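Novice: According to Swiss-Prot, the record shows the following:
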- 13-26: compositional bias 'Low complexity' (COMPBIAS)
- N46: N-linked glycosylation site (CARBOHYD)
- T48: phosphothreonine (MOD_RES)
- T50: phosphothreonine (MOD_RES)
- T51: phosphothreonine (MOD_RES)
- 109-129: transmembrane segment (TRANSMEM)
- 130-135: topological domain 'Cytoplasmic' (TOPO_DOM)
- 136-156: transmembrane segment (TRANSMEM)
- 178-198: transmembrane segment (TRANSMEM)
- 199-210: topological domain 'Cytoplasmic' (TOPO_DOM)
- 211-231: transmembrane segment (TRANSMEM)
- 277-297: transmembrane segment (TRANSMEM)
- 298-313: topological domain 'Cytoplasmic' (TOPO_DOM)
- 314-334: transmembrane segment (TRANSMEM)
- 360-380: transmembrane segment (TRANSMEM)
- 381-428: topological domain 'Cytoplasmic' (TOPO_DOM)
- 483-503: transmembrane segment (TRANSMEM)
- 504-508: topological domain 'Cytoplasmic' (TOPO_DOM)
- 509-529: transmembrane segment (TRANSMEM)
- 541-561: transmembrane segment (TRANSMEM)
- 562-590: topological domain 'Cytoplasmic' (TOPO_DOM)
- 591-611: transmembrane segment (TRANSMEM)
- N640: N-linked glycosylation site (CARBOHYD)
- 681-736: topological domain 'Cytoplasmic' (TOPO_DOM)
- 737-757: transmembrane segment (TRANSMEM)
Amino acid sequence: MSTIYRESDSLESEPSPTPTTIPIQINMEEEKKDAFVKNIDEDVNNLTATTDEEDRDPESQKFDRHSIQEEGLVWKGDPTYLPNSPYPEVRSAVSIEDDPTIRLNHWRTWFLTTVFVVVFAGVNQFFSLRYPSLEINFLVAQVVCYPIGRILALLPDWKCSKVPFFDLNPGPFTKKEHAVVTIAVALTSSTAYAMYILNAQGSFYNMKLNVGYQFLLVWTSQMIGYGAAGLTRRWVVNPASSIWPQTLISVSLFDSLHSRKVEKTVANGWTMPRYRFFLIVLIGSFIWYWVPGFLFTGLSYFNVILWGSKTRHNFIANTIFGTQSGLGALPITFDYTQVSQAMSGSVFATPFYVSANTYASVLIFFVIVLPCLYFTNTWYAKYMPVISGSTYDNTQNKYNVTKILNEDYSINLEKYKEYSPVFVPFSYLLSYALNFAAVIAVFVHCILYHGKDIVAKFKDRKNGGTDIHMRIYSKNYKDCPDWWYLLLQIVMIGLGFVAVCCFDTKFPAWAFVIAILISLVNFIPQGILEAMTNQHVGLNIITELICGYMLPLRPMANLLFKLYGFIVMRQGLNLSRDLKLAMYMKVSPRLIFAVQIYATIISGMVNVGVQEWMMHNIDGLCTTDQPNGFTCANGRTVFNASIIWSLPKYLFSSGRIYNPLMWFFLIGLLFPLAVYAVQWKFPKFKFAKHIHTPVFFTGPGNIPPSTPYNYSLFFAMSFCLNLIRKRWRAWFNKYNFVMGAGVEAGVAISVVIIFLCVQYPGGKLSWWGNNVWKRTYDNDYKKFYTLKKGETFGYDKWW
């Protein structure tokens, strides 16, 4: 029998003089333990990754060679008997200490949750209707909440005799309480996607929106997925391999802010405490962003080769070196936001093999294939920009969807025949094609690599063992029964039926069922993918395509099908991520369940309330010439997409112009099988084992609006971080996630201050450094061919 002791979290700025120790008893037969440790050693010795032994304790040296972060490898043993996580990135960020006696369910937790959810949801909703828009990142809430919580912890310790459970000062502001507030804000502060649907319906389809309908649409589209998140915990949240890398940045930030322990660890010669390191990075990042973000924006879009008089209007030069509509062949920037635009998830938390797979895909499809097809004028590509997120008509203007609508906003085929076919830039088409492949590849990959584990965990949720964090969590806290999540899901699906059937949505109930099934069927494969790689496959395109064939010429139905077919899964996976964060922070799962539902209800009410107020109090809202920029660009994009994707029959069916893209569904099936066969047949072929087909297909999914320029920057930074990891592993383990938290929080706070205090009131700084990068073909999204007035391009018949 072995015993692991964990000291309590420090509740104050100074270490507690009498830390609580909570023993965990782990029973195991000595023979099994010896055999297990022997298997661990054999597994580690068989791995080929090199490590830096300097400044690392012997226990961590045993497991550092096996890392999802470095090689995408999954621990094959049983982590039940390990004293810490088998993954070094988790060990370096997440503490195994816990004090379950810390009280969290008190007025201050709920007060801070309410205030931050209301403020962040309201501000983000307000600016979501403006272009350029502003979204305040939850990292800002995580940083700002800390001093406010510490101030509230200074209140006198008054109690009320009539309310015995009330205490004005429930104790020190702990990192657990901080985590509860942050988790609530992270899930609900961003504008609910349903609000873009409501904006499109109300402002562009002129639909009279009942307030009850708006609440139901927002709540159901978010909380149906919560049920799926809870019911799939055994596959998506609980396993040790479900790292959810993005959460490690938040964990490191909590630890940096709250821990005042004397750090004796020497990391490659560095002794600086992580808290001080975080503050230095945070302040430096905040101050520096003012330079590329406002004072000298040319340092952000650093296409310096195009600043000369001979290159700025040279189409070939702009195609090669352009940062906005070109290939970005000179990937240099002084602005971190250009890096973060590339992939979902922080570069500090994204495994290097994910960055490598993604960049390989970008090089093949967008640096090699795209220029070849563009300059051969395939599918009339030269009449459109090289990279663009817009669609065009046959006069090179952006496609005006209102020209093909009836008064009831259904599509009029006669008007479509009279107007123009839809032309899509090749960058957008490649993004569609890769998404088609990714949707299939994620299923094939999941079956091949995780199928047995999925079946085994279905039969026994503890199959494969539990790591130290899950053991602590399950011993110290009561879990939420599955029936809680099942009941939540049933209730929300029922309310979803009310929303789509009792109001004039033009969305049949059977289509609602199919949309929900798409989200639920994709949940486990997508959850496993995101938990390990920090990436996910967007279902927006495939749901629009499916609905376009099921319910052709019905754009209103297309809106709601995408909402329930994609956002239900997306929001559910966001909760899965936060459930993992709650496990890392050792916060009661029952409290998290209650807080998340409460925060979602409150944020939905705030979203709807703010948008309704704006509709009635801002003149010219959602018009293109609104003087303050409240043009509803997001709602307009959703509106346009719903109409265009109601016409897939005329774009992707047999004999139509873009039909060859449908072959990528087959590629998505065959490519993972081929890679798996090579890995199985040639196990010593190191290159093959690093190929991850879902990531390869879905990684470049942000192009457009991102460009290869952004992806080159992301890969370069990821490469440097991985080099540091290999050369100075101790330093990387101690400071990497803290550095990521400091950089991203500093930039996020700086963006908010610049926008609210300078740009929104009308402040401008017009000089050469802020204008030179705009005087290029790259910024103008120049086309290779320019038609004269009255000319058209394309084919004669498109129906």
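Heads up, the Cβ atoms here are built off N, Cα and C, so glycines get one too.
Are these features on the surface or tucked inside, and what touches them?
Specialist: Below 8 angstroms of C-beta separation, residues 135-136, 138, 141, 145, 148-149, 152, 177, 180-181, 184-185, 188-191, 195-196, 199, 595, 598-599, 602-603, 606-607, 610-611, 614, 621-622, 630-632, 634-635 of the same chain, each at least six residues beyond the ends of the transmembrane segment (109-129), sit close to that stretch.
Through the fold, the topological domain 'Cytoplasmic' (130-135) approaches residues 123-124, 190-191, 628-631, 633-634, 751-752, 755-756 of its own chain, all at least 6 residues removed from its boundaries and within a Cβ separation under 8 Å.
Within the chain carrying the transmembrane segment (178-198), a Cβ under 8 angstroms from the stretch's Cβ atoms is held by residues 104, 109, 112-113, 116-117, 120-121, 124-125, 128, 135-136, 138, 141-142, 145-146, 149, 209, 214, 217-218, 221-222, 250, 254, 257-258, 559-560, 563, 567, 570-571, 574-575, 578, 581-582, 585, 587, 591-592, 595-596, 598-600, 602-604, 607-608, 611, 634-635, 637-638, all 6 or more beyond its ends.
Confidence for the topological domain 'Cytoplasmic' (199-210), expressed as mean pLDDT, is 89.
Distant neighbours of the transmembrane segment (211-231): 192-195, 197-198, 237, 480, 482, 484-486, 488-490, 492-493, 495-496, 498-499, 503, 516, 519-520, 523, 563-564, 567-576, 579, 593, 596-597, 600-601, 604-605, 607-608, 612; these residues of the same chain sit at least 6 beyond its ends, with a Cβ under 8 Å from one of its Cβ atoms.
Within the chain carrying the transmembrane segment (277-297), a Cβ under 8 angstroms from the stretch's Cβ atoms is held by residues 143, 253, 256-257, 333-337, 735, 738-739, 741-747, 749-751, 754, 758-759, 765, 769-770, 773, all 6 or more beyond its ends.
Same-chain residues lying 6+ beyond the ends of the transmembrane segment (360-380) with a Cβ under 8 Å from its Cβ atoms: 319, 327, 386-387, 423, 426-427, 429-430, 434, 657-658, 696-697, 699-700, 703, 708, 711-712, 784, 793-794.
With helix defined as DSSP H, G or I and strand as E or B, the topological domain 'Cytoplasmic' (381-428) counts 17 helix, 5 strand, 26 coil.
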Novice: Taking 3+ C-beta pairs under 8 angstroms (sequence gap of 6 or more) as contact, is the transmembrane segment (136-156) in contact with the transmembrane segment (591-611)?
Specialist: no
Novice: Under 8 Å Cβ to Cβ from N640 (N-linked glycosylation site), same chain, six or more residues apart: give me those in sequence order, or none if nothing qualifies.
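Specialist: Sequence-distant Cβ neighbours: T391, Y399, V401.
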Novice: Please indicate, using numbers and ranges, the residues of the same chain that are 6 or more beyond the topological domain 'Cytoplasmic' (504-508) and have a C-beta under 8 Å from a C-beta there.
Specialist: 207, 551, 554, 556-557, 560-561
Novice: Using DSSP, break the topological domain 'Cytoplasmic' (562-590) down into helix, strand and coil residues and give each count.
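Specialist: Result for the topological domain 'Cytoplasmic' (562-590), in helix, strand, coil order: 26 helix, 0 strand, 3 coil.
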Novice: Checking distant contacts: for the transmembrane segment (509-529), what same-chain residues at least six beyond its ends satisfy Cβ-Cβ under 8 A?
Specialist: 224-225, 228-229, 232, 235-236, 242, 442-443, 445-446, 450, 454, 493, 496-497, 500-501, 535-537, 539, 543, 546-547, 550-551, 557, 560-561, 563-569, 572-573, 576, 694-695
Novice: Near the topological domain 'Cytoplasmic' (199-210), which same-chain residues lie under 8 Å Cβ to Cβ, leaving out any that are not at least 6 residues past its ends?
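Specialist: Sequence-distant neighbours of the topological domain 'Cytoplasmic' (199-210): 129, 409, 503-504, 556, 559, 611, 615, 621-622, 632, 634-636, 638-639, 642.
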Novice: Short question: which residues 6 or more past the ends of the transmembrane segment (591-611) have a Cβ under 8 Å from it?
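Specialist: Sequence-distant neighbours of the transmembrane segment (591-611): 104-105, 109-110, 113-114, 117-118, 121-122, 125-126, 129, 180, 183-185, 187-189, 191-192, 195, 198-199, 211, 214-215, 218-219, 222-223, 226, 230, 480, 484, 488, 575, 578-579, 582.
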Novice: Other than its close neighbours in sequence, what residues sit by the topological domain 'Cytoplasmic' (562-590), given a CB gap under 8 Å and a spacing of at least six beyond its ends?
Specialist: 93-94, 98, 100, 104-105, 175-176, 179-180, 183, 186-187, 193-194, 197, 217, 221-230, 232-233, 236-238, 242-244, 246-248, 250-251, 254, 469-470, 472-473, 476-480, 496, 512, 514-516, 518-520, 522-523, 526-527, 530-531, 536, 538-540, 543-544, 546-547, 596, 642
Novice: In the topological domain 'Cytoplasmic' (681-736), how many residues does DSSP call helix, how many strand, and how many coil?
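Specialist: Across the topological domain 'Cytoplasmic' (681-736), DSSP assigns the residues as follows: 43 helix, 0 strand, 13 coil.
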Novice: Are there residues at least 6 beyond the ends of the topological domain 'Cytoplasmic' (298-313) whose Cβ is under 8 Å from a Cβ of it, and what are they?
Specialist: 291-292, 321-324, 326, 328, 330, 332-335, 337-338, 769-770, 772-773, 775-779
